[in-house]
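Presented below is the structure to which this report refers.
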Amino acid sequence: MTTTENSLMPDVRNGIDFKVADLSLANFGRKELDLAEYEMPGLMSLRHEYAEVQPLKGARISGSLHMTVQTAVLIETLTALGAEVRWASCNIFSTQDHAAAAVVVGPYGTPEEPKGVPVFAWKGETLEEYWWAAEQMLTWPDPDKPVNMILDDGGDATMLVLRGVQYEKAGVVPPAEVDDSAEWKVFLNLLRKRFETDKGKWTKIAKSVKGVTEETTTGVLRLYQFAAAGDLAFPAINVNDSVTKSKFDNKYGTRHSLIDGINRGTDSLIGGKNVLICGYGDVGKGCAEAAKGQGARVTITEIDPINALQALMEGFDVKRVEDVIADSDIVVTATGNKDIILLEHMKAMKDHAILGNIGHFDNEIDMAALERSGATRLNIKPQVDLWTFGDSGKSIIVLSEGRLLNLGNATGHPSFVMSNSFANQTIAQIELWTKNDDYDNEVYRLPKHLDEKVARVHVEALGGQLTKLTKDQAEYLGVDVDGPFKPDHYRY
């Protein structure tokens, strides 16, 4: 698809508005959804537990999260629990087109007569298309029944609403600065156009939203920033910091999908290579374990002495980017920060070294500087580019244009680990929707007993057998026989 005035219009069939690559892929997508359900015991147990009581009835959830097969199972779990849903992806490359088609068609529809959920997502969106889709996801067809819940990944949906509110209060959308990223310019342009055609739109939406549940580290950071500034217009639950999300999705999911992305993108041997992982949080830990398991020689960069010490105790070197970049064969950013790999670092890299990012946004690698540098770009295949510097003649291989390589070059995290994360998302949506009066406009975490509930289901699915405390043992530890077993400050 390309961005034209005509293409940025939703399709409508059988009363459902949508925009996906190809509805004829729905049958393929449905087969993969059926397989994924067997690997997602958390979501399936929630369907079994709550289907009759319909706790999300009346909820109109706008979701911004990678439109994958696993996300499709999440969407159909939300609808099974009574919610109405509209969806867009949170990354221009992460959509699996057959999954998007399957969700629109639904389990009982056909491409000619879809009976599923409105989805606005396809792999390879332009920035203009991405933000158009985000607005479609937040714009419900009946103005008297607007979105009242947001499910977010990275915070783009939340930011669109809250920045819109800020600019409506100010009476003007600020002009873009010369050095602003291309995406920020597109974002401001969308808000400026909407300010001219539908003044007050975002304020109305913010007033109708009961809460947001946020999936990622990056999105959670945005929530805390909005809250600190007094601009958070509704309660938020930080799903990312549930133990069964961050310690599983972030680490074990990445441990699986990083290698998958590098292999599909380059077919390069990893064993014996020098691999530089920037960041040693949960995502970085998963990346480092994966590379080590392949036989690579792994070096870590870190700002935090505690994380750096952990890396050293695991046998990894800890160095600065500028000191090791020239010797690195593969470089992966996993920090959640910006400006980690700059143009000067890219120019210093080995000829044909591989560069990729597994943090949520594309600003960990300074792609804008690379594009301005005069380096020539040769597209090898989708999401794999060879950039050649004219002054040295050296080239580097950049994966997914500096965006998430595990979703751009591969299919993301496996179903089982996403079952943990998405079970938390579903529980958080139920919590905010059914107990909204208990929450102020602040950022919250799910209670420990719900974290343990999610873990218990997955332990059983893997054939694990939990030991049961006796009453005396529980009293000795000062806990209930059935948990929670650890205090909130416990570090797993």
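Glycine too: its Cβ is placed from the backbone N, Cα and C atoms.
Lifted from Swiss-Prot, the feature list:
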- Thr68, Asp153, Glu215, Lys245, Asp249: substrate binding site (BINDING)
- 216-218, Asn250, 279-284, Glu302, Asn337, 358-360, Asn406: NAD(+) binding site (BINDING)
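Locations of recorded Swiss-Prot features on the structure.
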residue: Thr68; record: substrate binding site; DSSP class: coil
residue: Glu215; record: substrate binding site; DSSP class: coil
residue: Lys245; record: substrate binding site; DSSP class: helix
residue: Gly279; record: NAD(+) binding site; DSSP class: coil
residue: Glu302; record: NAD(+) binding site; DSSP class: coil
residue: Ile358; record: NAD(+) binding site; DSSP class: coil
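Sequence-distant contacts (6 or more apart, same chain, Cβ under 8 Å) of Gly281 (NAD(+) binding site) comprise Thr217, Asn250, Asn307, Ala334, Thr335, Gly336. Between the alpha carbons (Cα) of Val283 (NAD(+) binding site) and Glu215 (substrate binding site) lies a span of roughly 14 Å. Put simply, Ile358 (NAD(+) binding site) is 17 Å from Thr68 (substrate binding site) when counted between their Cα atoms. Cα separation, Ile358 (NAD(+) binding site) to Glu215 (substrate binding site), rounded: 15 Å. Within 10 Å of the C-beta atom of Thr218 (NAD(+) binding site) sit 18 other C-beta atoms, taking all shown protein chains into account. Taking a C-beta cut-off of under 8 Å and a sequence gap of six or more, Asp153 (substrate binding site) has these contacts in its own chain: Ser64, Leu65, His66, Cys90, Glu214, Glu215, Thr216, Gly219, His360. In the three-state DSSP classification, Asp153 (substrate binding site) falls within coil. The binding-site residues shown are Thr218, Gly279, Glu302; of these, the one with its CA atom nearest the CA of Lys245 (substrate binding site) is Thr218. Most Cβ neighbours within 10 Å among the binding-site residues Thr68, Thr216: this distinction goes to Thr216. Compared over the binding-site residues Glu215, Glu302, the count of CB atoms lying within 10 A of a residue's CB peaks at Glu215.
Reported as a whole number, the C-alpha separation between Thr218 (NAD(+) binding site) and Asp249 (substrate binding site) equals 14 Å. Pairwise Cα distances among Thr68, Asp153, Glu215, Lys245, Asp249, which the record gives as the binders of substrate, peak at 17 Å.
The Cβ of Gly279 (NAD(+) binding site) lies under 8 Å from the Cβ of Ile300, Thr301, Glu302, Thr333, Ala334, Thr335, Gly336, Asn337, Ile340, Gly359, each of these being in the same chain and 6 or more residues away along the sequence.
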